[in-house]
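Undergrad: Quick one: this structure, given as structure tokens, is what I'll be asking you about.
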Amino acid sequence: MDDLFLVNEINRLKIERDACILAHNYQLPEVQDIADIVGDSLALSKAAAETTNKVIVFCGVKFMAESAKILSPDKTVLIPSKYAGCPLADSITKEQLEIEKKKYPEAEVICYVNSSAEVKAVSDVSCTSSNAVKVVQNSKSNKILFVPDENLAGYVAEQVSDKEIIPWAGHCITHARITVDDVIKAQEEHPEAEMLVHPEVSEEIRENADFVGSTSAIINYAKNSDGKEFIIGTEIGVLHKMKKDSPEKQFYLLSPRLVCENMKMTRLVDVYNSLMNMQYEVFVPENVRIKALGSLEKMISIE
Ligand code: 13P
């Protein structure tokens with residue numbers, strides 16, 4: 001099956017199934033191109049909550065499709081690749097969080113959306129990389145248990161100095177591949193370039209950056225900047241939109257290892273099979289969903 005056939009079939013099936021295709025900024029270029037909405041985690045959560053289509057095909061990883069189901073329980077939510085997970089989300093279980101909560105009973109629990117539905121269900125509020133600072137600032141508590149990303153927790157702690165942030169020791173394995181040597185090399189090779197990074201990078205990488213933001217914030221920064229060259233410290237998928245937005249600008253990936261294997265599992269043929277066979281449907285037990293919904297809705301209301 002060639003790409004043209006798959007694209008035509010996907011467009012036909014999309015109408016037949018009354019489906020909306022959501023794709024994360026890290027998806028393969030050809031998958032981004034057939035999506036109705038491409039965005040960061042926050043934009044996709046909102047789109048999932050607002051869509052009027054009967055079916056949501058979520059081209060991303062499991063926790064994202066789960067969030068869509070939590071927010072839109074009456075829709076059929078499909079994930080084209082059933083093995084697309086997130087090691088960061090898997091780095092904390094509900095049981096581990098419950099033990100942690102007992103150590104800090106006075107703390108508010110804020111969980112990054114890169115977490116399971118069960119973890120969201122025992123958290124007070126969720127956040128994404130684009131609203132983490134706002135969500136923490138909005139907290140009435142001076143003590144925050146922030147799970148599971150220690151790098152995002154560190155970034156937030158720098159921005160919000162009047163709260164104690166207790167991080168969980170999880171991290172994104174893709175962003176963790178960036179080394180200080182990568183930064184030195186990239187900045188030596190491209191001295192005029194601005195360096196844009198995701199808050200999931202470690203502190204030693206972040207402190208060399210000109211801008212820190214979510215995937216969409218990085219894409220928008222490059223589009224609106226007068227700069228002509230950019231070193232990009234996040235997953236390779238963002239380059240697709242950046243090059244489309246600004247073909248005259250130069251983009252250099254900070255490390256050739258910035259490829260998320262899970263995000264790259266979804267190919268065009270998987271999107272086609274997903275619509276054709278209505279696979280793989282995402283389910284969240286109702287008792288978990290109701291509690292996790294509270295955490296996601298609170299986040300969305302802070303916007
Ligand atoms: P964004 O919300 O910035 O798109 O991040 C999602 C993610 O999983 C980054 O690794």
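In case you wondered, yes, glycine gets a Cβ from its N, Cα and C as well.
Remember, TrEMBL labels are computer predictions, not curated facts.
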Undergrad: Record says SER41, TYR112, VAL113, ASN114, SER129, HIS198, PRO199, GLU200, THR215 bind iminosuccinate. Source is TrEMBL. Which of HIS24, HIS190 does it list for that same site?
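TA: Of HIS24, HIS190, HIS24 joins SER41, TYR112, VAL113, ASN114, SER129, HIS198, PRO199, GLU200, THR215 in the iminosuccinate site that TrEMBL records.
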Undergrad: Output: those binding-site residues from TYR112, CYS172, CYS260 whose CB lies less than 6 Å from an atom of ligand 1, in sequence order; none if no residue fits.
TA: CYS172
Undergrad: For ASN114 (iminosuccinate binding site), identify the closest of the binding-site residues CYS86, CYS172, CYS260, judging by Cα separation.
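TA: That would be CYS86, nearest by Cα distance.
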Undergrad: Output, ordered by sequence, the same-chain residues six or more apart from HIS198 (iminosuccinate binding site) with a CB under 8 Å from its CB, or 'none'.
TA: SER129, HIS175, VAL212, GLY213, SER214, THR215, ILE218, GLY233, THR234, GLU235
Undergrad: If I take the alpha carbons of CYS86 ([4Fe-4S] cluster binding site) and TYR112 (iminosuccinate binding site), what is the distance between them in whole Å?
TA: 12
